[in-house]
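Novice: One structure coming up, written as structure tokens, with questions to follow.
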Protein chains: 4
Amino acid sequence: MDVERLEEEAARILPAEVRDFVAGGADDEVSLAANVTAFRRRTLAPRVLTGASVPSAATMVLGCPLAAPVLVAPMGMQRLVHPDGEAATSAAAAANGLGFVLATGASVPIEEVGGPARLFQLYLLDDRGVSDDLVRRAVDAGYRAIVLTVDAPVIGNRPRDRRTRGGTAWRNANFEPYPGIDAEHHAYVSRIRADITWADVDHVVATAGVPVVVKGVLRPDDAVRAADHGAAGVVVSNHGGRQLGRAAVPIDVLESVVDAVGGRVAVLLDGGVRRPADVLTAVALGADAVLVGRLAMWALAAGGEAGVTEVLGDLVTGIHRTMTLLGARTLNDLTGVVTPTER
Amino acid sequence: MDVERLEEEAARILPAEVRDFVAGGADDEVSLAANVTAFRRRTLAPRVLTGASVPSAATMVLGCPLAAPVLVAPMGMQRLVHPDGEAATSAAAAANGLGFVLATGASVPIEEVGGPARLFQLYLLDDRGVSDDLVRRAVDAGYRAIVLTVDAPVIGNRPRDRRTRGGTAWRNANFEPYPGIDAEHHAYVSRIRADITWADVDHVVATAGVPVVVKGVLRPDDAVRAADHGAAGVVVSNHGGRQLGRAAVPIDVLESVVDAVGGRVAVLLDGGVRRPADVLTAVALGADAVLVGRLAMWALAAGGEAGVTEVLGDLVTGIHRTMTLLGARTLNDLTGVVTPTER
Amino acid sequence: MDVERLEEEAARILPAEVRDFVAGGADDEVSLAANVTAFRRRTLAPRVLTGASVPSAATMVLGCPLAAPVLVAPMGMQRLVHPDGEAATSAAAAANGLGFVLATGASVPIEEVGGPARLFQLYLLDDRGVSDDLVRRAVDAGYRAIVLTVDAPVIGNRPRDRRTRGGTAWRNANFEPYPGIDAEHHAYVSRIRADITWADVDHVVATAGVPVVVKGVLRPDDAVRAADHGAAGVVVSNHGGRQLGRAAVPIDVLESVVDAVGGRVAVLLDGGVRRPADVLTAVALGADAVLVGRLAMWALAAGGEAGVTEVLGDLVTGIHRTMTLLGARTLNDLTGVVTPTER
Amino acid sequence: MDVERLEEEAARILPAEVRDFVAGGADDEVSLAANVTAFRRRTLAPRVLTGASVPSAATMVLGCPLAAPVLVAPMGMQRLVHPDGEAATSAAAAANGLGFVLATGASVPIEEVGGPARLFQLYLLDDRGVSDDLVRRAVDAGYRAIVLTVDAPVIGNRPRDRRTRGGTAWRNANFEPYPGIDAEHHAYVSRIRADITWADVDHVVATAGVPVVVKGVLRPDDAVRAADHGAAGVVVSNHGGRQLGRAAVPIDVLESVVDAVGGRVAVLLDGGVRRPADVLTAVALGADAVLVGRLAMWALAAGGEAGVTEVLGDLVTGIHRTMTLLGARTLNDLTGVVTPTER
């Protein structure tokens with residue numbers, strides 16, 4: 001299914017404020033749109049006659065074996081769009097051999113989400129004990145890495161949410177054990193720390209006991225700094241265009257980040273990934289894997305676990321088909337297939 | 001409030017000829033549109049984990065301490081859109097710690113406009129005594145600088161005004177003391193000198209007794225000349241696209257001007273500034289401050305002093321939020337956050 | 001009057017086939033549109049405080065003193081749009097001190113068109129005697145130069161004309177003396193030679209007795225060749241986008257032509273010139289003058305001689321106003337005001 | 001006739017699923033659109049006064065004398081749009097002195113298609129005997145070359161076809177002799193080999209007995225490899241945008257391929273060619289010939305053999321007219337007429 005049709009379908013089902021909450025971006029939504037169009041400007045020059053009829057997109061990312069270099073991005077409150085929420089999405093990812101990142105603000109608790117390639121996205125709250133305990137619970141529950149989000153010291157200005165008056169109130173599922181945190185969504189968000197620094201990365205790295213990934217990096221120097229502070233990876237991301245309306249576009253800055261870190265850490269990319277060609281373009285330019293967000297959310301809204309399973313399955317099938325068309329037996333064979341960008 | 005919605009709101013309220021007078025530009029309005037779109041082409045690459053949770057946008061511009069690097073641009077006849085006119089706008093600027101520039105063609109007299117960070121915009125009239133007296137009155141009334149507009153030796157060709165047959169007749173408030181000047185707007189405009197030269201800058205600099213800023217510069221060589229003639233600053237401006245339909249776009253030429261003057265004079269920018277990211281983009285590229293025009297005018301039309309106060313307050317709030325998202329504690333930390341422009 | 005409104009006005013008056021004949025271009029009309037948009041991509045950086053309050057756009061082109069560097073382009077059959085035809089247009093040009101180029105295919109005879117700055121546009125017909133006689137008549141009648149059109153060895157493919165089935169039949173006025181030439185428009189066009197070469201330029205240069213201009217050059221090497229063959233000037237032109245749908249755009253190639261000829265011949269430009277800024281952009285990039293075509297034709301349709309006089313008068317007024325805004329006292333002061341093109 | 005009108009006309013006649021099958025592209029159809037727009041960005045700078053009144057577009061391509069450097073691209077199942085199918089199209093090509101490439105999946109058998117400049121497009125099937133026999137039959141029937149398609153190891157994802165549920169079922173005409181192959185279209189397509197390699201090129205080159213052209217190359221290195229493996233030519237093609245939605249655009253990569261092969265093999269181009277200027281742009285940039293696809297298919301739908309004859313005739317006429325306008329007597333004179341691309 002095309003992402004456009006899927007979004008239309010989801011839009012028919014969802015209340016306007018939920019749809020807008022998922023679809024919207026920050027400020028004048030320049031980056032929201034540019035995340036997608038930046039991929040459309042990049043073309044691919046296949047290698048022919050390589051015999052890549054049965055390609056493998058398999059890869060190992062942050063210690064997780066994946067059938068394709070794709071994870072579902074952390075998105076909170078998935079039960080807003082379907083009663084099965086994150087449990088359905090993670091099961092669908094697992095069914096396709098893909099990774100899944102559970103959000104701090106999830107609507108299903110850490111312990112009730114399954115799958116072999118789960119990661120846990122962490123916001124640092126003003127109560128360090130709570131943050132530390134979230135990490136402990138995630139590690140105890142078998143999550144393979146902590147994805148520390150660093151691009152949301154404050155929440156971006158999202159005009160669509162202001163227009164719908166933040167009608168997306170919801171109780172977050174991970175805060176029941178902590179009487180000090182009001183689990184109502186807006187209350188919880190107000191507890192996210194705005195003053196995080198690299199010292200906080202040091203703390204998480206030192207205490208997590210699993211690899212730590214820094215999510216929300218758009219600069220080569222910050223990626224190098226993440227490596228210096230012991231991170232196992234970075235996610236080049238502008239938070240889906242939701243934080244800063246004019247944020248740099250991940251696929252536009254990816255190569256500079258890859259060059260800067262020189263293989264010291266894994267480099268993931270998030271933002272604007274909708275189609276098999278997007279995934280492979282990012283990998284060809286040096287990404288170890290990509291995250292898909294809204295695509296999974298629309299599929300969840302439209303069809304629950306079965307819907308996400310089908311859509312992610314289509315994505316994997318498409319990745320294989322596209323690799324065959326590109327003449328790539330493995331992801332390593334993608335080097336050099338992106339033509340120099342014009343326009 | 002989004003500037004687009006604000007403009008729609010104001011358009012509902014205002015007579016067509018007033019709305020068009022404010023909104024319109026010169027000739028085929030290429031620069032009018034380009035002033036805005038040029039900002040949308042520039043993206044920002046935040047620095048993460050800097051702990052910039054409580055940023056300060058405070059700055060000192062031309063001797064005026066400002067809470068943020070923003071002044072309200074000189075715009076005449078503000079009582080056309082609201083009975084409180086310039087008095088309301090200046091009060092709203094002051095309430096937010098921002099600067100205000102009163103136009104020669106104001107609809108409220110020099111002496112009746114308050115605020116700690118007022119500047120006076122000067123047109124040189126064909127009666128030098130009147131111009132000199134306007135400067136004297138402004139300085140006596142506590143205005144901190146003279147902003148000498150140099151890009152309007154004649155009025156641009158504005159098709160919208162020709163279509164509405166110049167229905168914006170108004171008596172200017174600053175000319176009551178001068179029997180030799182007809183205060184009717186079009187009559188007064190006809191008295192603006194077309195033959196001004198750098199010698200006139202010398203005269204104003206020599207006689208004003210306060211800093212003089214040259215407004216309407218689009219070339220590095222002219223900015224250097226302004227410094228050589230004793231100006232304290234320049235405003236890189238195409239007069240909001242109202243003078244020359246194909247004028248160079250301020251944000252596109254800003255860096256060349258900043259490089260040329262090398263810190264000898266303050267560099268302000270005016271044109272297309274609508275959003276917090278615009279303000280910080282200009283500052284990151286070397287501007288000491290920016291001027292906002294139509295944004296304030298639409299707010300004045302829609303809500304009087306309270307409206308302007310709210311809109312400028314939102315702008316300052318947004319500047320702080322955007323600084324936190326960019327990882328900038330102070331304006332100095334913005335260096336290097338603008339990514340190289342493509343498309 | 002804006003050219004867009006003028007065209008709308010003319011479109012209301014004219015039969016569809018006449019309107020389309022004037023407005024249309026060749027093939028997919030890429031160059032027709034690009035001629036106009038290429039000007040819109042170029043911005044101008046004024047010089048301020050130069051005291052250019054009373055500028056002069058006066059110039060001498062091909063021995064003709066002009067009030068501004070503008071001539072009316074050769075366009076045939078002007079009586080199709082107004083009964084006064086070329087006599088009206090030339091009178092309007094003369095009234096404004098501008099040049100006028102009469103087309104071989106005019107609807108008013110050579111001898112009945114007046115004005116001090118007339119040039120005669122020549123097509124070489126398959127009967128050399130007729131072509132020679134046309135030149136002789138033009139020179140006898142006081143025309144100052146011959147403009148030899150070289151970009152129409154065959155007529156371009158104009159889909160609009162094919163759709164309207166060439167309803168623009170008309171008898172040309174200059175062929176009455178020649179029983180061998182059928183003056184019906186399509187018959188006459190079929191007599192234009194397709195096999196012209198530089199030897200034909202030599203012949204016209206040798207026999208005309210007045211300066212010869214080669215019209216329809218888009219390459220530096222051809223411009224140099226024109227100079228080598230004794231031409232007094234070239235017109236950089238793609239025939240208003242009417243000959244080759246993908247022809248190079250005059251303003252885009254102008255500088256390369258100017259550089260190549262190094263002042264040996266006059267360089268005129270034709271195509272897409274609608275507004276004062278277009279005229280001055282071309283001059284700033286090295287053109288000695290420009291030709292305006294459709295602008296004059298729409299004005300003729302809408303208002304006859306008075307209409308053209310007003311529109312050309314507005315153009316000259318606008319040129320003066322724009323020069324003042326650019327700080328240019330004379331056309332020589334325009335050097336360097338065009339900013340480097342982006343996008 | 002304009003291709004746009006022709007397509008509209010065909011769309012009125014054809015069932016939606018057939019129209020979409022012909023018109024559609026892969027994925028988000030970025031390359032489908034870019035194939036056409038990439039030509040529109042390239043402009044041509046004519047040479048004037050060369051006397052090219054009677055140009056010749058004649059050329060020899062792969063041993064076939066052609067009146068113009070144009071062949072009809074291989075497109076299967078042409079009887080879907082008109083009962084005369086490939087027999088009509090090939091006859092129309094022959095009538096105009098152009099080449100014709102018969103598809104493996106044709107709806108008229110190899111032996112029933114006539115014309116002096118026929119080539120046979122080959123897909124390698126999983127039964128080598130069948131492929132070898134197809135080649136033998138083509139050579140026996142007088143086809144001059146084998147065009148081996150290498151960019152379709154699997155069929156691209158074509159959303160339009162998925163939407164119309166592949167309603168284009170059809171029996172292919174070339175498989176009657178082979179009981180092992182189900183001639184139903186989708187069944188046959190499933191027999192196309194996905195694992196072809198350069199060794200297969202070697203086999204075809206070694207056994208065909210006529211020149212072999214490798215179709216579907218978008219990289220200079222692959223073109224060189226084709227030459228190394230004995231191919232007589234390559235077709236720079238993205239399969240009309242039908243295989244990979246973001247495939248590189250042929251006209252954008254043509255020059256790099258031409259430079260790389262340095263004349264060792266013929267270089268043909270396919271994709272986006274609609275108009276005379278497209279043909280000559282490709283030739284000017286180094287192509288030996290181009291293939292036209294949909295243009296011929298729409299003409300066949302709209303008017304059968306007469307329709308294709310007229311449309312291809314118009315194309316040849318237009319090529320001659322455009323050559324005259326470009327000052328080119330022969331195709332060799334086109335070198336250097338394409339201006340450097342901007343935008």
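Even glycines carry a Cβ here, placed using N, Cα and C.
No curator has checked TrEMBL annotations; they are predicted automatically.
Note that this is a predicted model, so its numbers are computed, not measured.
If you look up TrEMBL, you'll see D:HIS239 marked as active site, proton acceptor. Residues or ranges marked as FMN binding site by TrEMBL: D:74-76, D:GLN121, D:THR149, D:ARG158, D:LYS215, D:SER237, D:270-274, D:293-294. Annotated glyoxylate binding site per TrEMBL: D:TYR123, D:HIS239, D:ARG242, in sequence order. The annotation domain 'FMN hydroxy acid dehydrogenase' is assigned in TrEMBL to D:1-343.
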Novice: If you draw a 10 Å sphere on the Cβ of the residue listed as 'active site, proton acceptor', how many other Cβ atoms land inside?
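Specialist: 26, counting other Cβ atoms within 10 Å of the residue listed as 'active site, proton acceptor'.
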Novice: Which number gives the other C-beta atoms within 10 angstroms of the C-beta of D:ASP270 (FMN binding site), all protein chains shown included?
Specialist: 26
Novice: Using a 10 Å radius around each Cβ and all protein chains in view, which of these binding-site residues has the most neighbours: D:LYS215, D:ARG242, D:ARG274, D:ARG294?
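Specialist: Of D:LYS215, D:ARG242, D:ARG274, D:ARG294, the one with the most crowded Cβ is D:LYS215.
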Novice: Please give me the binding-site residues out of D:LYS215, D:GLY272, D:ARG294 that lie within 10 Å of D:ARG242 (glyoxylate binding site), comparing Cα atoms only.
Specialist: none
Novice: I need the CA-to-CA distance for D:ASP270 (FMN binding site) versus the residue listed as 'active site, proton acceptor', whole Å please.
Specialist: 7
Novice: Same chain only, sequence gap of 6 or more: which residues have a CB within under 8 Å of the CB of D:PRO74 (FMN binding site)?
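Specialist: Looking at Cβ-Cβ distances below 8 Å from D:PRO74 (FMN binding site), excluding near sequence neighbours, one finds D:VAL101, D:LEU102, D:ALA103, D:THR104, D:GLN121, D:VAL147, D:THR149, D:LYS215.
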Novice: Based on the record's binding annotation for glyoxylate (D:TYR123, D:HIS239, D:ARG242), what whole-number value in Å is the widest Cα to Cα distance?
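Specialist: The glyoxylate-binding residues span at most 16 Å between Cα atoms.
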Novice: Which one of these binding-site residues has the most other Cβ atoms within 10 Å of its own Cβ: D:GLY76, D:GLY272?
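Specialist: Selected residue: D:GLY272.
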Novice: Taking the Cα atoms as reference points, how far is D:TYR123 (glyoxylate binding site) from D:GLY272 (FMN binding site) in Å?
Specialist: 23
Novice: For the recorded glyoxylate site formed by D:TYR123, D:HIS239, D:ARG242, which further same-chain residues have Cβ atoms within 8 Å of the site's Cβ center?
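Specialist: Counting only non-site residues, the set is D:THR149, D:ASP151, D:ALA152, D:ILE155, D:GLY156, D:GLY216, D:GLY240, D:GLN243.
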Novice: Which secondary structure state does DSSP assign to the residue listed as 'active site, proton acceptor', in the simple three-class scheme?
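Specialist: SS state of the residue listed as 'active site, proton acceptor' = helix.
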Novice: Measuring Cα to Cα, how far is D:GLY272 (FMN binding site) from the residue listed as 'active site, proton acceptor' in Å?
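Specialist: Cα-Cα distance, D:GLY272 (FMN binding site) to the residue listed as 'active site, proton acceptor': 10 Å.
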Novice: Other than its own, how many Cβ atoms are within 10 Å of the Cβ belonging to D:THR149 (FMN binding site)?
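Specialist: If we count other Cβ atoms within 10 Å of D:THR149 (FMN binding site), we arrive at 24.
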Novice: Taking just the CA atoms, what is the gap between D:ARG274 (FMN binding site) and the residue listed as 'active site, proton acceptor' in Å?
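Specialist: That comes out at 15 Å between the alpha carbons.
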Novice: Cα-Cα, whole number of Å: D:GLY76 (FMN binding site) versus the residue listed as 'active site, proton acceptor'?
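Specialist: That comes out at 13 Å between the alpha carbons.
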